[in-house]
């Protein structure tokens, strides 16, 4: 059997390689460190954690908690390492960085079916390949991707607006409309002059996230953060993302002084983004400001806005829910490159890409988890989200169908957690060949 290529030994690549090895498929794992380091990494270890050491909140009311549980059920190497290297962090799963990456490196390099190649990959390798090169993908490989799929399908920075859960929006304070009577695809949150004045002042006073040196970027005029627009003058936002021109509030028959527009992000209409509100503000500040917007006082934020260096694909244009490229059979993407955010999400997509690469090598059809599971919801978002202005995503409850019946928020989340884990477990049990138990991958 020919070796399957895995490019990149971060969390996604490590999990992809491990999944392939568990199914008896030989792997050639490419990692350019230490021959060529990135601005963010400091070692040559696999799955090096370079930012926060947290893999997200735990528990049955947390979306990341469901993804953690699914990955444990799947026999994830990343979750195995996280559980062994965990440190006290309240309700979150945090790890000792060195112990975590050291454990993963040792487990992988000790496997007889793994070949490690310490060199930069400058072209897409022939044969079955998983690309998991992360936010700091080398320029040469990025250029190769552009030549293959078009430069408009690859982004070099992440300028994302916050996304809120539709069910948490107060629709009595909003109206549906498009500008000048066009299709009513947008939700509009109108503001009075006094509401706008307070909102503008709060934007000026809000604290910004301080990026790492390697995250810093030059602003493109089409993607200036909303707080920077506010600094340019009192009226700048009124001629930009908050302009009311062509939007008539049916309750007053007039254009409001200012308006915040929301656009549907997923086919099911569960998630809506604030149009033109890309931001680098700290998350508590984002929450405070969003709750100043009429109709969003109690909005549940499922994804905060970000502004940072990030190389990722326009997944809805290029990938299916199996993480295989639509126009390149046997080529898969995982992790940040595939359009997810977060350590856990990267590892989870690495698992699925590795699983389907293994099935390809074994002559079997691809598979995808059920939509009720967090991983299933995540990859369906990647495959079906609006490709115009596509934003990377992390685990959140807006990715999975809501549960029926009247219940409180906590009970609803617990019901979604149990339903998702049950569906994911049933899917795992139905895989043929089955995934070996984790210890069975050891030789």
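Note that Cβ sites are derived from N, Cα and C of the backbone, with glycine treated the same way.
Pulled from Swiss-Prot, these are the features on record:
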BINDING   8, 9, 10, 11, 12, 13  FAD binding site
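The FAD site, placed at the center of the C-beta atoms of 8, 9, 10, 11, 12, 13, has further neighbours from the same chain whose C-beta lies within 8 angstroms: 6, 14, 15, 16, 46, 47, 132, 133, 134, 334, 335, 346, 350. A helical conformation is recorded for residue 12 (FAD binding site) in the three-state DSSP classification.
Under a cutoff of 8 A between CB atoms, and with a sequence separation of 6+ in the same chain, the neighbours of residue 13 (FAD binding site) are 6, 7, 29, 31, 46, 130, 132, 133, 334, 335, 350. There are 35 other CB atoms within 10 A of the CB of residue 12 (FAD binding site), with all protein chains counted. Here the binding-site residues are 9, 11; the one with the fewest Cβ atoms within 10 Å of its Cβ is 9.
In the shown protein chains, 30 other C-beta atoms lie within 10 A of the C-beta of residue 10 (FAD binding site).
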